[in-house]
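Asks: Structure provided below as structure tokens; questions to follow.
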Amino acid sequence: MDKSKIRNFSIIAHIDHGKSTLADRILELTNTVAARDLEEQFLDQMDLERERGITIKLNAVQIKYKDYTFHLIDTPGHVDFTYEVSRSLAASEGALLLVDATQGIEAQTLANVYLALENNLEIIPIINKIDLPSANVEKTKEEIENVIGIPADNAVCVSAKTGLNCEKVLDAIVDYVPAPKDADDNKPLKALIFDSYFDEYRGVIMLIRVFQGKLKVGDDFKFMSNNANYHVIELGVRNPKETKKEYLEAGEVGYVAATIRDAKEVHVGDTITLVENPALEPLPGYKRKKPVLFTGFYPIDTRDYAELKKSLDKISLSDSSLTWEQETSKALGFGFRVGFLGMLHMDVIQERLSREYKVGIIATSPSVEYKVVKTNGTFEMISNPSLMPDRTYIDHIEEPYIEATIILPNEYIGNIMDLCQNKRGIYKSLDYIDDSRSRLIYEMPLGEIVFDFFDKMKSLSKGYASFEYDLIGYKTSDLVKVDILLNGDKIDAFSIITHKDSAYEKSRDLTKRLKDAIPRQNFEVPVQATIGGKIIARETIKAFRKDVTHKLHASDISRYKKLLEKQKAGKKKMKMLGSVEVPQEAFLDILKTNVDK
């Protein structure tokens, strides 16, 4: 294959700017997919992606255009899936920067552009939705130049929906995206694993970009991170269905199957090389993103524990940012502590477990990872509130802080600044992009933004504000652990870590919701919220009262009193012996509301 005719590129865009639609047009114009087979969001294979209208998983497809070979690596646009974008960019030489002409540059567009620049990619601006009456092409070009700092004179103006000017995008890819550098078939093999998924019959399938050398069916290769050896049984390209080949050469993007059954053997970002003639140095990986949000996953039916473990194994194969470890809860039994990149990521994994793997789970209240510095000078990283040490051993607690960049219309600045202040934000700067939009920068605790910040920001700005963030480290905060007691017993699944100023309000809310969710017992049940043994909120679940006097004659007052006293004594004994059964529905209801809040 003539290496000068290969073009590897990704499409980067903010959510809803038309990225999947442009990918559909490219597939249609190049006859990669027959028009009769083409459906909207063709590369978004998950039902979840189609329903929500978002891209979650990256996808790679080979396209023939004139005498050129394109490899399009599709990427997600939501802030939670930045790690998928960075993997796509590591396998590309160029990026199409798609900007909606009616919305302009948004915060996540900016974040992805910086990723592309870090990877030294050629960026081609594409201005989309020019067919809409509200499109402002000139203003969008100005924003590309002023905010991002790249020239917009070669920007291609298109309507991905109608197909207007989309063939010009193909010519721009040929003209501006560079061919692969140092793509020599005769050098020792170096191929980057940028994604993987599981196939029941062939085991782990790896998506790779070959940077140098050649990989053939029958070759023995090894992973450079752990030296594990495997034998290639099948390889090929996706266009977009899998097409078998005898070999993959330098510059190509394709898939490899080697009957790998253990998902943990394959690390996305690893380099594969041949056993016989190995490369000396691995390829630089890509920037891995660490989970920022942690929650407990417990099977609704305890017999599904092994099934949940197997399902998490399979999902983490294609989602390298997902982390999990085993944990136990007195209230919920055996489960896993799972780490996510944000609320949408958590939501998607929960839904995938339910739909694809048919595993019903209870998810505990999400938490970030805190740094607990003890009085003896040591520290612990705690993501599970129930594992927080006793207050007497704690010197101080630090929580993760982020720098948030918010791009928004000027008329909503007051609303969004109020929201940031309420979330304990520290104002940093405000820049006016033009006469209608601004860039606002705040430092905020991560724990305040992972739950509902995104939704509140969208509703306060009528959907026009966009937001992206970077972790900047840990800062000391006045944090406390709130425990919930039911009839005097601590329920570890309901423990939360919160700021001292909001502890009372959250405790009142949680005890009230528990009172409403837990069915009445035969005895009175106190629901208490405590900080270090001190009760700060209480609700009482009233007891059922059986009418023990209904058979008595109205005038038999002494017998009447005797029966009531006997009932009272019985209830007292029951209360001492009785443990409160919390039904599954109550757990689901409380923890779901915790997430919603």
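Glycine is treated like the rest: Cβ placed from N, Cα and C.
OK, Swiss-Prot features for this one:
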- 4-181: domain 'tr-type G' (DOMAIN)
- Asp16, His17, Gly18, Lys19, Ser20, Thr21, Asn128, Lys129, Ile130, Asp131: GTP binding site (BINDING)
Asks: Count, for each of the binding-site residues Ser20, Asn128, the other C-beta atoms lying within 10 angstroms of its own C-beta, and report the residue with the smallest count.
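Replies: Ranked by other Cβ atoms within 10 Å, the binding-site residues Ser20, Asn128 bottom out at Ser20.
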Asks: Please work out which residue of Asp16, Gly18, Ile130 has the most C-beta neighbours within 10 angstroms of its C-beta, and give that one of the binding-site residues.
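Replies: Within the set of binding-site residues, the most crowded position is Gly18.
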Asks: Can you check how the pLDDT averages out over the domain 'tr-type G' (4-181)?
Replies: 82
